[in-house]
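Here is what TrEMBL says about this protein:
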- 1-23: region 'Disordered' (REGION)
- 10-21: compositional bias 'Basic and acidic residues' (COMPBIAS)
- 43-70: transmembrane segment (TRANSMEM)
- 45-507: domain 'Major facilitator superfamily (MFS) profile' (DOMAIN)
- 82-100: transmembrane segment (TRANSMEM)
- 172-192: transmembrane segment (TRANSMEM)
- 204-221: transmembrane segment (TRANSMEM)
- 295-318: transmembrane segment (TRANSMEM)
- 349-369: transmembrane segment (TRANSMEM)
- 390-409: transmembrane segment (TRANSMEM)
- 421-443: transmembrane segment (TRANSMEM)
- 455-473: transmembrane segment (TRANSMEM)
- 485-504: transmembrane segment (TRANSMEM)
Amino acid sequence: MHVENSSAEVENKSQESRPDALIDPLDPLDPHDPLSWSTSRKLTILLVVGLWILLGTSNMIIIAPALQIIPVEFHSSFDTSTYLVGGPLLAYGVSSFLWVPLGNRYGIRLVFILGSLAAACMDCWAARTTSFGSLVAARTLASMFYAPPETLAPQLVGDVFHFKDRAKAMTWIGILQASGFSGGPLIGAFIIQNQALGWRWIEWILAIITFGAAVLMIFLLPETQYTRCRRETTTLTRSWKDELRFWPVSGGGPPKEHRSGGIQKPEVMSLLAYAYHSVAHGLATILPYFGHPVIILNTAFFSLTLLVTSYTLVFLLASGVAHKPNSRQTTQSITYLTVYPFSVGNSGLTFIAPLIGTWLAMLFCGVLADRLFTRLTRKEGRKPKPERRLPLLIVTGVVGIGGSLLFGICTQEKCHWVAPLFGSCFVSFCFISSLSISFAYLLDVYEAKMDTVMVIDNGMKNLAAFGISYAIVPWNTSAGYTVPFAVMAVILLVAHLLMALVYFKGEQMRKWSAQHFESARTTHHGDAF
């Protein structure tokens, strides 16, 4: 495997035992290699990309407290109001199949900046829309343009951060991603509650912040993709202009995905046609990954975990709306508007509980996971097998299952209002920790191809979350709280049992995939395809 530990002694031992790992990922002579950049630059990149991914998940659900108000204003059916959340949720996952080929071909800096500018424009359209259909279209398109970091951010982490720091970086990305789901409704509730603002200001504020994020990325986000073959054609110096340049990979050279599969050169065909065929070839390279057992099981695990988390948050929102369809109040939780006599603003504050669970996951995965893995590296004198990360999922399984049962039972029995908040906190902790561990595992296995793997992972899990959103209202109406959340607990158990299979059989699965799929062969930082 590719050694990325900071200890020279460990690197030497690893290289002696693995002759194929002699390529040093940190070449001090190449300033274009993101692994050689300073810690401050890496943290700046992580902060800017984190803001960008936070805006994307916030956009999907921040409008949810207005699901009663908007149909009244546009004289539309109340049942169609879920399209305002369901459409963006679906677009956020499916559009990944477009952004990864474009990012690999033309660079993620270009994709991120153009995507942010387009998303901000869609937010402006949503703020000024005069019909319900236009609002759904604007929000769905905005979600599509917010989606690039969903799949490209994990690959950015692999390009910029060493093996020993990846779990911390991935946890940061996961925290901000989940903070949008829980923090978005909190902010949206208070904006809508302010009569001087109203729901349209949700979109205006999103547009303003997104334009600001685009400016930050223009000046603070250099291209982070990198291919080693570039060294032969470029100089080993880096100027401030290189930080602002749009190129497929850092330092120039061929794109990460540059094999055209027989496609003609640009001079033979139009640039537009060449770009189309290049992206089509990139999409075709994704298909073989659907046959990798490790990817199938990780995708199923992540999809089921997100399904439970989405149900815990969106279930509450939709249930509250279903019980008060004619109320002018905006709701996030039937629990704190019907079972507990909370005001709209105070019910919004209940989303602080999942936020706390999200940040606790940072301590668990970002600190503990990396320290344990680094200790294993030093002890064994080589990079441990990727499956050694997975035992931490025992903790997430116990906490998540307990949180789901706690929320459902305590709400059904009308316990003190604090009790269900512990449940939502535990479910959020389970989701973020599971996400971070699963992503770090896949990054260890696929390294340079992580972005392609994430297309499948994120696309499928968003389909699962999209589907469950339409079952929430009828199920809640007929079954109450205990039964749905008991089922959610069983789903979490099944999801973690799938990862137990990966822990025990993951190495054999990877070997089988490498024998049957060229895409499953070992890759390293700097590889081009």
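Easy rule for this one: first residue shown is 1, then count along the chain.
Cβ atoms here come from the backbone N, Cα and C positions, even for glycine.
Worth saying up front: this structure is predicted, and the values here are computed from it rather than measured.
At the 8 Å Cβ cutoff, the transmembrane segment (485-504) and the transmembrane segment (82-100) share fewer than 3 close pairs (sequence separation 6 or more) and do not count as touching.
Distant neighbours of the transmembrane segment (204-221): 44-45, 48-49, 51-52, 55, 58-59, 62, 109, 112-113, 116-117, 119-121, 123-124, 127, 142, 146, 191, 244; these residues of the same chain sit at least 6 beyond its ends, with a Cβ under 8 Å from one of its Cβ atoms.
Across the residues of the domain 'Major facilitator superfamily (MFS) profile' (45-507), the predicted structure has a mean pLDDT of 81.
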